[in-house]
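Residues annotated as active site, proton donor in TrEMBL: B:GLU49. The feature Zn(2+) binding site is assigned by TrEMBL to B:HIS47, B:CYS77, B:CYS80. What TrEMBL lists as domain 'CMP/dCMP-type deaminase' is B:1-107.
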2 protein chains.
Amino acid sequence: MEKCIELAKKASALGEVPVGAVIVNAHGEIISEAYNLRETENRATAHAELIAIELACKKLGRWRLSDCSLYVSLEPCFMCAGAIILSRIPSIIFAACDPKAGAVGSLDNILNDKRLNHQCEITQGVCSEESSMLLKSFFKARRKK
Amino acid sequence: MEKCIELAKKASALGEVPVGAVIVNAHGEIISEAYNLRETENRATAHAELIAIELACKKLGRWRLSDCSLYVSLEPCFMCAGAIILSRIPSIIFAACDPKAGAVGSLDNILNDKRLNHQCEITQGVCSEESSMLLKSFFKARRKK
């Protein structure tokens with residue numbers, strides 16, 4: 001998760017909302033890492049998690065990431081939580097909650113929805129305060145501009 | 001929507017679940033078109049709608065698609081509905097419902113969720129039967145293999 005925070009800081013330096021994500025395999029080896037790039041790439045879907053999932057699929061040459069875990073510094077939104085289900089990731093670990101758009105406990109929890117064909121183990125709270133502080137300073141600085 | 005069905009047939013010919021999507025601007029001009037490519041590209045996120053959104057952002061050079069409409073032959077899943085919200089598309093038109101994974105009326109309707117910072121007008125049913133038949137034949141043929 002420290003790696004995610006580090007990636008989130010890189011996003012912040014580019015004027016992007018500071019969120020970082022890392023995908024590791026069952027041996028704990030890093031498969032992919034990414035951070036938000038919406039403004040830089042002018043792409044609505046360029047969230048850290050989605051980019052990390054796409055990079056992991058590319059690296060492993062398969063769309064099923066059923067032996068991987070995803071670490072992310074902020075609770076995933078509906079798009080990213082949906083992508084976690086589609087890629088069959090069995091375990092995610094996230095830091096801060098997102099009360100405005102989070103789809104893994106805040107507004108909804110689609111990763112535990114038994115009607116879908118995949119469920120995912122969720123761990124929340126690791127480095128939560130560090131990630132929250134980073135997000136708060138980012139938005140505070142942006143409001144001042 | 002006929003264009004979406006045509007694109008869905010292209011997906012089917014590649015062994016992909018037959019779903020096609022088209023994004024048009026306010027003048028009705030086609031900005032992007034796409035079909036499912038999950039198996040071909042080995043990418044969990046390669047759904048028609050997500051690819052169409054990414055192509056539209058690239059073509060227009062911006063992440064806000066607030067002057068566009070999205071046509072798709074199947075009800076969007078959570079990932080794609082989430083991407084519609086993130087790209088601020090104000091109107092979607094879809095053909096068949098997806099009772100197993102649909103996030104726009106079947107399992108949930110996140111495009112009408114007032115807690116999120118964007119809502120979207122939904123039209124359902126155009127070419128619904130044609131799209132359903134295409135999906136049914138695809139899955140029937142696949143089960144026989």
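Yeah, the Cβs are placed from backbone N, Cα and C, and that goes for glycine too.
Considering only the binding-site residues B:CYS77, B:CYS80, the Cβ with the fewest other Cβ atoms within 10 Å is that of B:CYS77. By a Cβ separation below 8 angstroms, chain A lies close to these of the recorded positions B:GLU49, B:CYS77, B:CYS80: B:CYS77, B:CYS80. Around the Cβ of B:HIS47 (Zn(2+) binding site), a 10 Å sphere holds 28 further Cβ atoms from the protein chains shown.
Taken residue by residue, the domain 'CMP/dCMP-type deaminase' (B:1-107) breaks down under DSSP into 38 helix, 24 strand, 45 coil. Mean predicted confidence for the domain 'CMP/dCMP-type deaminase' (B:1-107): the pLDDT average there is 97.
Within the same chain, the residues at least 6 positions away from B:GLU49 (active site, proton donor) whose Cβ sits under 8 Å from its Cβ are B:ALA21, B:ALA34, B:LEU70, B:VAL72, B:PRO76, B:CYS80, B:ALA83, B:ILE84, listed in sequence order.
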